[in-house]
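Right, one structure below, let's go through it.
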Amino acid sequence: MKSVNLRGAVMQSFTSIGPMLDFIALFSIISAYSGSMLPFVVIFSFLLSYFTLYTIYSLSRIYVTNGGYYSYVGNALGRGAGFFVLLLYIIYSVLTVPNISLFISGFSYSILELAGFTAPVLKYVLLLIFIGTVYYVVSRGLKVSITYTLIAGFLEIAFIILMSIIFIIYRSPGFSFSGINFSFNPFFFGVIFGILAFSGGGSSIFISEQTASSHINTPKSLFLSFTISGIIMAVSAFALLMFAGFAGLRAYESNSFYITELVQARLGTPFLILFSFFGIMSAFNLSVSYLNAFVHMVPKFYHDFNLKGEFNRNKLIAILSVTSAGIAIFSGYYGGFFNSFVIIAGIISFVYIIIHIISNISLIKIFRRKKFFMPVLSSIILTIAFILSFSGNTGYYAVINYFLIGFIMISAFIVILVRKIIPRFYMAIRFEYYARINELPEHDK
């Protein structure tokens, strides 16, 4: 059933980006490490995201499949590459909700601390409430989820525009752009998280089989959601710099949730409540949209990989909810809520870049000598950004690199192992999609 129209597809991608969540979460990381370069990190990351946008925009016009990236890559580069990308995407998706819950529970607790509540166990309670509510909404089905994200997405756009205007009006006394300083390594460490801010924008491809006129509406939704969110986040990044000032951005180094104190001090408790509500709502929107994408990808994966047994949506959601809670509680307890959020966010960002580099290679093969300039340029730029960010990631957060290498090696090993030990299963893998012209199921590779 084609239950998703253009507006629904746009908000599926827009809320998967989550500009307001990026404002309170990722901007705090970028501010702590890139300082006054914050808005330029966001703009640079936005421009980089347009290169990734071109790839998924082009592929979504060729293939209609809820398999998304793994199906695109599998059809262009073969079973091994498609299988490898699938494993990376599973890592990416499974880590997303725990990552968001870690930040939002810490953020919510910081607000409760301002009100005088100081019981650390509340972090875990808030974390479990957040995860449970997200999975409940997704369990109600696509129609309910899309309706929710459509309404919440428009509210989020309206508030973040209003907030940016207020922040600019109440900017820090004596603020001047002349105080901005550029530093190479901090800039590219910030880019890791700047790219992550836009990483969910392609999520509408995973519901393309449920989208009306998908060959038109899915790529159009990608373009609109990226453009709207990019402009909003660039403006809001400048607004935060002007509102907090250079001293305010430096305060993020010692207090990850400094923004709550700043908003309360400068704009009062009523605005802090409104600000916090939309921040939490954005986190909720993003989590629901990501889960929508993943839950609709899994049945396609079952079909393409000829897995035995009937797909059970409720069982999948139950397993994912327990897994999310386990990852979040374990990492929050042993690594701290904010540090674990930064580490997991870094891993997700690097995996996202790798998936898009491989997707670019797929598009180069499909286009061959026709229109191959953009995917080649995108691959080069993303690879350079990856290398600079990876090599510039030193100190405590270098653990991100080690986890990333481990995940890549494990994923590659699984592909090789399955190919060698279960060749019949491997050779039976098919990447089905709906053709652009006749809309009939086709198989390739």
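Heads up, residue numbers simply count up from 1 along the chain you see.
Glycine residues also receive a Cβ, built from the backbone N, Cα and C atoms like all the rest.
Under the heading transmembrane segment, TrEMBL lists 12-34 (among others).
Sequence annotations record features per position, and here TrEMBL assigns transmembrane segment to 40-60 (among others).
Residues 21, 24-25, 68-71, 73-75, 120, 122-124, 126-127, 130-131, 134, 256-257, 260, 276, 279-280, 283, 286-287, 290-291, 293-294, 297, 301, 320, 323-325, 327-328, 331-332, 337-338, 340-341, 344-345, 347-348, 351-352, 354-355, 358-359, 362, 407-408, 411-412, 414-415, 418, 426, 429, 431, 445 of the same chain lie 6 or more positions beyond the ends of the transmembrane segment (81-109) yet place their CB under 8 Å from a CB of it. Residues or ranges marked as transmembrane segment in TrEMBL: 81-109 (among others).
Proximity of distant same-chain residues to the transmembrane segment (121-138), defined by a Cβ-Cβ separation under 8 Å and at least 6 residues beyond the stretch ends, is recorded for 97-98, 100-102, 104-106, 108-109, 112, 144-145, 148, 283-284, 287-288, 291-292, 295, 317, 320-321, 324-325, 328-329, 332, 337. TrEMBL lists 121-138 (among others) with the feature transmembrane segment.
The annotation transmembrane segment is assigned in TrEMBL to 150-170 (among others).
Taking Cβ pairs closer than 8 Å, the transmembrane segment (182-201) reaches residues 13-14, 16-19, 22, 26, 29-30, 33-35, 37-38, 40-42, 44-46, 48-49, 52-53, 222, 225-226, 229-230, 233, 286, 289-290, 345-346, 348-350, 352-353, 385, 388-389, 392-394 in its own chain, all 6 or more past its ends. Summarising the annotation, TrEMBL assigns transmembrane segment to 182-201 (among others).
Per TrEMBL, the feature transmembrane segment maps to 222-251 (among others).
Among the features that TrEMBL reports, transmembrane segment is placed at 271-295 (among others). Long-range contacts of the transmembrane segment (271-295) within the same chain: residues 12-13, 15-21, 23-25, 68, 93, 96-97, 100-101, 103-104, 107-108, 111, 114, 130, 133-135, 137-138, 142, 145-146, 148-149, 152-153, 155-156, 159-160, 163, 166, 200, 203-207, 260, 263-264, 313, 316-317, 320, each at least 6 residues beyond the stretch ends and with a Cβ under 8 Å from a Cβ of the stretch.
The transmembrane segment feature in TrEMBL is assigned to 316-335 (among others).
Tertiary neighbourhood of the transmembrane segment (341-360): same-chain residues 25-26, 29, 52, 55-56, 59, 69, 72-73, 77, 81, 84-85, 88-89, 91-92, 95-96, 98-99, 102-103, 106, 192-193, 195-196, 199, 331, 335, 375-376, 378-379, 382-383, 385-386, 389-390, 393, 397, 399-400, 403-404, 407-408, selected by CB-CB distance under 8 Å and a gap of 6+ residues from either end. The transmembrane segment annotation in TrEMBL covers 341-360 (among others).
Per TrEMBL, the feature transmembrane segment maps to 372-390 (among others).
According to TrEMBL, the feature transmembrane segment maps to 396-418 (among others).
Put simply, of 12-34, 40-60, 372-390, 396-418, the stretch with the most CB pairs closer than 8 A to the transmembrane segment (222-251) is 12-34. In this chain, the transmembrane segment (40-60) lies apart from the transmembrane segment (316-335): fewer than three C-beta pairs between them fall below 8 angstroms, excluding pairs fewer than 6 positions apart.
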